[in-house]
Structures are given as structure tokens and as C-alpha cells.
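See structure below.
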Amino acid sequence: MLLPRSVSSERAPGVPEPEELWEAEMERLRGSGTPVRGLPYAMMDKRLIWQLREPAGVQTLRWQRWQRRRQTVERRLREAAQRLARGLGLWEGALYEIGGLFGTGIRSYFTFLRFLLLLNLLSLLLTASFVLLPLVWLRPPDPGPTLNLTLQCPGSRQSPPGVLRFHNQLWHVLTGRAFTNTYLFYGAYRVGPESSSVYSIRLAYLLSPLACLLLCFCGTLRRMVKGLPQKTLLGQGYQAPLSAKVFSSWDFCIRVQEAATIKKHEISNEFKVELEEGRRFQLMQQQTRAQTACRLLSYLRVNVLNGLLVVGAISAIFWATKYSQDNKEESLFLLLQYLPPGVIALVNFLGPLLFTFLVQLENYPPNTEVNLTLIWCVVLKLASLGMFSVSLGQTILCIGRDKSSCESYGYNVCDYQCWENSVGEELYKLSIFNFLLTVAFAFLVTLPRRLLVDRFSGRFWAWLEREEFLVPKNVLDIVAGQTVTWMGLFYCPLLPLLNSVFLFLTFYIKKYTLLKNSRASSRPFRASSSTFFFQLVLLLGLLLAAVPLGYVVSSIHSSWDCGLFTNYSAPWQVVPELVALGLPPIGQRALHYLGSHAFSFPLLIMLSLVLTVCVSQTQANARAIHRLRKQLVWQVQEKWHLVEDLSRLLPEPGPSDSPGPKYPASQASRPQSFCPGCPCPGSPGHQAPRPGPSVVDAAGLRSPCPGQHGAPASARRFRFPSGAEL
């Protein structure tokens, strides 16, 4: 209740009186713009605040009434939209089941997979809205025949005759050649000159991948920092007490046995995580300096071994890609086409297993083990994709190589007339191969292993058991597929559609594998820190995809034979041309100034000011949080002072008093004390216990509080009446 305290008590000097605090709080609530509905007070207090804000007889302005009505309508619409979104949410029931049976750590993987599906659908919607629909609706003029280039390519390779017998429709689909002349690849997009069209398809095609990357970056960053404000308010080392979880975890609205079983598993997993973290914290506190030094040296040894594995994997991928691109005339041409994806898949299959084995040797905490394994797996995967991109650049774009066919046209025109399509086909094959590997591993490895383990008995089968569902490895697979999709946004604009289908099917495949064929980890972990690392890994993949794309768009010559930018030295050259055609001289000068070095100095000063303001605001928020914590502690102590004053002022019941009729009716609603005579948690320090019902033994009177000896019986003070007395 927001009522002033009428009982005075001893107070330290400098502490304001309760009446002053109450008046200040009333004044703050009166002038605050926070809706009364959102205030953390009882209904009686909210009515009082409402009367303070709108006294009786005072007519509010029409604008204020309209504003209040609009806020109410917006709030109701927002709540209705949130309820509708929760009701129509994708895989809500499946996520609830997985979280209850296997814990929030494994559930975070499936939630992350759903988030990636949403990102791909948004990217597809952006590309279809700004590129595909205008291209179909406006029907831009035909650019005419392509340039007839006379190529001088000594010793150029031709397709080997033995390859023709393998060219069936299935192989064309797997390699992407069946879709070469469709909108799946870059080469099928053709328009006329910019001056002959109202809507610039070239500019839309150029900016759509950049907008998709920016949209994915903002969504990932928002999801990453989603829990940081709550973590800042609660503190770094905050943990909810086990007593609160024991008494408040159960949902009493459950009426179905299956839901009750899932809820029991969920509570059990939460307690396992809490107890495991507490046990490890105690072990860390008991270690000596020598044990700590040995532990750090073992950590260093494991990380060095993991680094050597990454270097070896990168070397294997580089030589496999180089051999595949340099030996196209051999009879094994079809197998060599899938040699780089095969080596990358083999590395990504063996790497997480080795990393998990090495990390588990050091007995890390579960969260640290998952995050460290995930970091090394991501380093391996992103490094392999980076090396794959570098090797393609050396072969197709002659980056770092001296080749005569690259001097005149800027790329290896003898072997790759439309090099954007070639790069798109490589990324298409990589995406297809990753999904096929996921399907094959689920139904050709995990399923037979489960059937054999369930069918036979013995030491070997007991040792083999079901496969453990490794979260780092599964996260690595979907992050790798998403990174490949981002890398192919320019060369294969509809690759997000393909990846969306793969992610949708992957969810059900992984769910079946988890529920039927796998076993959960015996060491559960929290979802909070793992979710943060998932988003961090995704940002690293986004950075890996954005750097090559920016380099290609700004510096690499486009193909002379296909695509939208055949007459441009680089795709970005279309932007200055459109600026010169569509903007007045003032706008051109303004854009030229924004892109010049002279604008960098005021931009740097402005960013410095913004950064200073943000840092200052962060520090002010931290100080405010510290003050609010102290105020909360003071309020708890103030309530205990009120209880002490009340216990001193109320009369003690005499020995002849009988319970029931002699107590006034107002005492019937008096709360019971959960710890009569003992200092309860949150009380201001240790005080002499108030004796309640005690146990008498041979030694005399005992205190009801554990570990404390009672006072004489004559020192009895007032205590709250028990339930039997009431």
C-alpha cells in the first residue's frame, strides 16, 4: 500500500523520513507519463494515482483524451497481434516438447533454426519484390545480341567426350546446369540500356544483396542483445534461488498427462543444471594455485592441437579445389566436380568429433564445453569456406596468378565465359551437398546405429549406445549452409528459396533424429549463453560473406557474355551512371561530397560525439541501477522495521487467553509468520530469536531455530498467532 508510515523508529542520520519519501513518490507518480495499468501497485493504489492525476471536477483537454484513447487502442491491438503470433507461431508445440524433454539448451538449436528460416524468407521476399516482380511486370526491352568475342586461347580445354554419357537430367539438377537459363542464376537477367527504362533493374539487382545482408545483420544483432538489459539489471552473478524454482515452477493449469510429464522433465533438467553449476563452482574454489596452473596449461595444449587440425583442414581444401579446377579434361570429370564439396563435408564431419573429444578431456563446465567446441568448429567451417572462395578467385578471376587470358578481360574468359554462373553453380552444389549429407547421415548412420543398439546386447553395444545429439556440430551445419546462401546472393539470387526448403526439412529430420534415434547429453547446459554464441557465429558467417561480395561488386570486371552488367567495368559503375542521369546537379554534388574524403572528418567527429553520449548514458544507467538496488534493499529493511515496531506495540497474549472468540475480527486476516522467532531471509541482520513453540529435552528449553540456543521462557515477546489459534 502506498500509505505513509505513522510509526516512528530510530533512523540513521541523513536518511529521509518516511513521510517525505511517500510525498516524493506521490509527486513523481503524479507527473509521470507511465500508464497506470503498467505500474507495479495494487488496485487501490492505482485508483489513488488516477485520482491524483485527474482530480474530480477538472475537465481534461480533448487532445489528452484522444491521446489516451489512441494509446489504449494501440495497446489492445498490439496485445492481440502478439497473441495471434503466438498462436500461429511455427513449430511452437514441437519446441515446447523438445524443451521439456531435453532442456532449453537443445531447444535453443531448434529455435535458432527457425530464426534462420525467417531470415531466408525475408531475403527471398526482398529479392522477389524489387527484382523479380518488376522484371516480369515491366518487361524491359531486350538488350540485343551479346558481343561476339574472338578469343585467343591457346590450348583451351574442351569438354571430354566421355562426359556425354553421364549427362542425364538428374545430373543436370545436381550440378545446377538444368537451371542455367532460369532466374536462379545471374546469367538469365538481361535488360536494355538504363535510359530506356523507368525502373532500374540493374540498381535493384545490385542493392538487393546488400539490403539482405543489412537486414540479416540487424535481425541477428537485435536477437543477440535481446537479453542484455535484463542481465545488466540482475547483475553478472545473479542466480534465482532454488526455493523459488521449487515453489513456483509447476504450472497448475496443466490437465493433460503428457503435458505434465513434459513439465516434470523440464523442471528436472533445470535443477540438474543448477546443481551441476554449484558443484563446479565449489570445485573451482577449492583448487590450489598449482592445480590452477596445470589446468591452464592443459587448456593451452588442447587449443594448440585444435589449431593444428584447422591448419591441416584448410590445406586439404585448398589443394582439393585447385586440383578440381585444373583437371577438367580427365575421365573423372564428374567426380572431380564434387571433390571440393566432398572434402569440405569430410572436414566438417570429422572436425567437430575431434574437437568434442579433445575438449571433453579437459572436463570443462557444460556451457564452456559447448561454446568452446562451437568456436573451434566455426573457425574450421568459416576458414574452409574462405579458402574455397580464395581458390575459386585464383582459378576464375586469376587473383594472385599470372595468366594471359586474364590480361584483356579481367577474368579467365577462356574457361569461364560467364564466370558469375560458374561461381553460382559451385555454391549451389555446395548447398545441395550439405543437405544431402544431412539426410544421409540421419537415415544411413544414426538410424541403423539405433536399430543395432536396441536389437543386440553386450558390452560392445552398451559401449556404442545411441548417438549423442551434439549441439555444436548441428549448429555448425546450419550456419555453414546460411553462409553459403549469403555468399551466393549476387550469383544465385534465388538461393534463399532453396535454403528455406532445406531448413524446413532439416527441422523435421533433426526432430526425428533427436526423439527417436539419439540421446541427449548427460550434462545439460543453459540456453542463454549458447544463444548468444549462436548469434555471434552467425555474424562471423555474415562477415565472411559480405567481404568477398563487396570486393566483387566494386573491383571485378563483369562477364562480357551474360548478365546485367556486361558493358560495365564493375557492377558498382551503374550507380554513378544513374546518379548522372536521374539527379539534378545539386544532388550530384551532395552525393559526391558524401562519398569524398572531406566528409570523413565531420563524420568521424559526429561518430565520436555519438559514442561519447552512448558511453555516458551507459555509465549513468549503471549508476541508476546501483542506486535502485540499494533502494530496494532499504525498502526490505524498512518493512522489517515495521514488523519489529508492530511486534513491540501490540499487547502480548496472557496465559489465560483462549484462542477464538477473544481475538478481534481484524486479527483474523493477520499474516502468519513462516519463521516465528527466527531471523527470516532478508531481515536486517541477525537478532535475538523470538521463542516460539520449542522442543524440551533433557537439556532444557531449545530454540526452534536450527543451530541456535533459546532464551529463557520468561523472555517471551509477541508472536503472530498460528493457524490453530486463529
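Yeah, the Cβs are placed from backbone N, Cα and C, and that goes for glycine too.
As annotated in Swiss-Prot, N-linked glycosylation site applies, among ASN371, ASN567, to ASN567. Relative to the membrane, PHE281 and VAL636 are listed by Swiss-Prot as lying on one and the same side. Under 8 Å from some Cβ of the transmembrane segment (532-552) lie the Cβ atoms of residues 108-109, 112, 116, 209-210, 213, 216-217, 220-221, 223-224, 227, 370-371, 374-375, 378, 382, 385-386, 389, 393, 475, 479-480, 482-483, 486-487, 489-490, 571, all in the same chain and six or more residues away from its ends.
The list of residues near the transmembrane segment (300-320) in space but at least 6 beyond its ends in sequence, with Cβ under 8 angstroms from a Cβ of it, reads 339-340, 342-344, 347, 351, 354-355, 358-359, 361-362, 376, 379-380, 383-384, 387-388, 390-391. Under 8 Å from some Cβ of the topological domain 'Lumenal' (448-488) lie the Cβ atoms of residues 102, 105-106, 108-109, 112-113, 116, 119-120, 123, 212-213, 216, 348, 352-353, 355-356, 370, 373-374, 377-378, 381-382, 385, 389, 423-424, 427-428, 430-431, 434-435, 438, 495-496, 498-499, 502-503, 506, 510, 513-514, 516-521, 530, 534, 537-538, 541-542, 544-546, 548-549, all in the same chain and six or more residues away from its ends.
The topological domain 'Cytoplasmic' (360-426) scores a mean pLDDT of 76 in the predicted structure. Within its own chain, the transmembrane segment (339-359) is flanked in space by residues 302, 305-306, 309-310, 313, 316-317, 320-321, 323-324, 369, 372-373, 376-377, 380-381, 384-385, 388, 391, 426, 429-430, 433-434, 437, 441, 470, 472-473, 476-477, 480, which lie at least six positions past its ends and keep a Cβ under 8 Å from the stretch.
A simple way to gauge crowding: the CB of ASN567 (N-linked glycosylation site) has 12 other CB atoms within 10 angstroms, across all the protein chains here. In terms of C-beta pairs under 8 Å, the stretch of 115-135, 427-447, 489-509, 595-615 lying closest in packing to the transmembrane segment (201-221) is 115-135.
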